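K.L.:
These came from TrEMBL, pasted as-is:
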type	residues	note
DOMAIN	A:66-257	domain 'ABC transmembrane type-1'
TRANSMEM	A:7-28	transmembrane segment
TRANSMEM	A:70-92	transmembrane segment
TRANSMEM	A:104-124	transmembrane segment
TRANSMEM	A:144-165	transmembrane segment
TRANSMEM	A:186-204	transmembrane segment
TRANSMEM	A:236-257	transmembrane segment
Amino acid sequence: MTRQRAWWKTALGIVLAALMLFPVYWMVNVSLTKTENMRADPPHWYPKDPTLQGYANVFSDQFPALGTSLFVGLGCVVLTLVISAPAGFALAKLRVRGKGTLNFVLLVAQMIPSVVMAIGFYAIYVRLGWLNTVWGLVVADSTIAVPFGVLVFTTFMSGIAGELLQAAKIDGAGTWRTFTSIVLPISRNAILTVSLFAFLWAWSDFIFASTLDRNGDMVPVTLGIYRYIGNNTTEWNSIMATAAVASVPAAILLIVAQRYVAGGVTAGAVKD
Amino acid sequence: MRVTTNTAVAERRVRSAPAPATGDRKGKRGRPTQWAALGFLTPLAAYLAIFYAYPLVRNIDLSVHDYNARAFVLGNAKFVGFDNYAAIFSSPAFGPAVRNTVVFTFGSIAAQYLIGLVLAVFFRNNFRLSGVLRALFLVPWLLPLIVSGSTWSWMLNSDNGIVNSVLRAFGIGEINWLTSPDWALTSVLVANIWLGIPFNLVILYSGLQNIPGDLYEAAALDGANAWQQFRRVTVPMLRPVSAITLLLGLVYTLKVVDVIWIMTTGGPGNVSTTLAVWSYREAFGTGQPDFSPAAAIGNLLIVIALVFGFLYLHLQRRQERS
């Protein structure tokens, strides 16, 4: 009886997941469709007579853009960790005046619409000559992840036993030493969570890319796809192939770091 | 939609002793620690000042001057006080933008929340593959928005889109999803709801995990059926989590630009233009950037987000106290 019920639920779960993931399936399906079959009416539900032409086009047209995105994503991870890990440590373990205010500022920082940040950055970058540079984009993208990173590190590091730090101190370790050789290694999970989100957000960013790096030599893949759509309304297989390739990091990260993803999503909204 | 904010990421891990967070060495040698703390915080403080405060100050500056593209580079714009704000409020685009923002925001969060809740309750049952399937529901949330946006665009395409093709099979005539004034807002709304479901599912699911199982047992003993258990146990116990989910959703949905821009660029006309999209379009969407009104709209958005942000803080405090 219970067995049967469970099977019924599994079946329903699969149907729901299939519905939810249909657009993803459709993206892959279209990416494998031949250009002449693209206008088929009704559309083919599966890649009938599949072609890899779309993917070949991705690698000839969008390869540099994928590299740029990778670079921006990794740069963003490094910058976010460098800024947020020490700050999280200070907020969690060192006595800081104005801690409440800082936490409040971090919360507010996350509510500022990115279009507002983009306008502000544009105004500054115009003067500095940072428009259309990869560095400028790394910095702008990091503003999405830094406040999140500080809050994640603060929470995580608050959970580290005080005795451990005390012991290090007795052994003669300074605060910096304690931080680098004790706190950071213990905080591996927090580092992974923050890196994961910093990378994914930078990788998927569209607003900053489309405003601060729209005419550069090195544009990220999100902008590459956007331009592709603009120039190229007929070759949807190439567009969808690029989209599929651009989704690969998300897919890999989901498989490799599933529990950090769930942890990150829950971060903040729920307290236990 | 992005997820952020504080707290309990991994408190479960690494906690060898329930040590209090701070004040380990209160009294003794407070001074060196204070200096060390300052050292550890300086990069963050500098970062916030340069990359948050300064762009925001620049925005306010832009919004009270008349910056055209030339003045923007030369920096000699005329001070106009609140003229830009006045111009926005009296613009014919203002009314529709506010209406679209309200429809888009509330429509999105209401549907995302309801679907997320139903799914969370469903996945609370432990059935075979439930973990894997639940993980699969995260996928839309991890995809770059340009990917989801362009996929939805192609699915909703009027001639060869799969959606119209399915509708035709049911005898429903062709709908110009993205180009008809009646449907453009609905189209971006549907895509955005789809994008937001994972976030709501995960948060509500973990909220459900925190409801003690004996409450359900007690309810079942009292003869409550599944619906009554849901009404009398799940809904009230989930209220704090729900409030925070909805508020976060609200703050995040208010600032959505990408999905709408990618699918309809706010059109046709202004029918799918929200405040955030309007601001983006003024600044970057046309050949002639108009940064001053764009900044003014942006600042208006900040004020709205802040109002809800304070509400969020208030709720969170109240939750902490209880």
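If you go along the chain as it appears here, the first residue is 1 and each next one adds 1.
Quick reminder: no glycine exception, Cβ is built from N, Cα and C everywhere.
Keep in mind the model is a prediction, meaning the values are calculated, not measured.
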K.L.:
Output the single range from A:7-28, A:70-92, A:144-165, A:236-257 maximising the number of Cβ pairs under 8 Å to the transmembrane segment (A:104-124).
P.N.:
A:144-165
K.L.:
Where else in the chain does the transmembrane segment (A:236-257) make close Cβ contacts, counting only residues six or more beyond its ends and a cut-off under 8 Å?
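P.N.:
24, 27-28, 30-35, 38, 51, 53-55, 57-58, 61-62, 66, 69, 73, 192, 196, 199-200, 203-204, 221-222, 224-225, 228-229.
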K.L.:
Please report, as numbers and ranges, the same-chain residues at least 6 past the borders of the transmembrane segment (A:186-204) whose CB is under 8 Å from any CB of it.
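P.N.:
Sequence-remote neighbours of the transmembrane segment (A:186-204) are 69-70, 72-77, 80-81, 84-85, 88, 138, 141-142, 144-145, 148-149, 152-153, 156-157, 160, 164, 220, 222, 246, 249-250, 253, 257, 260-261, 263-264, 267.
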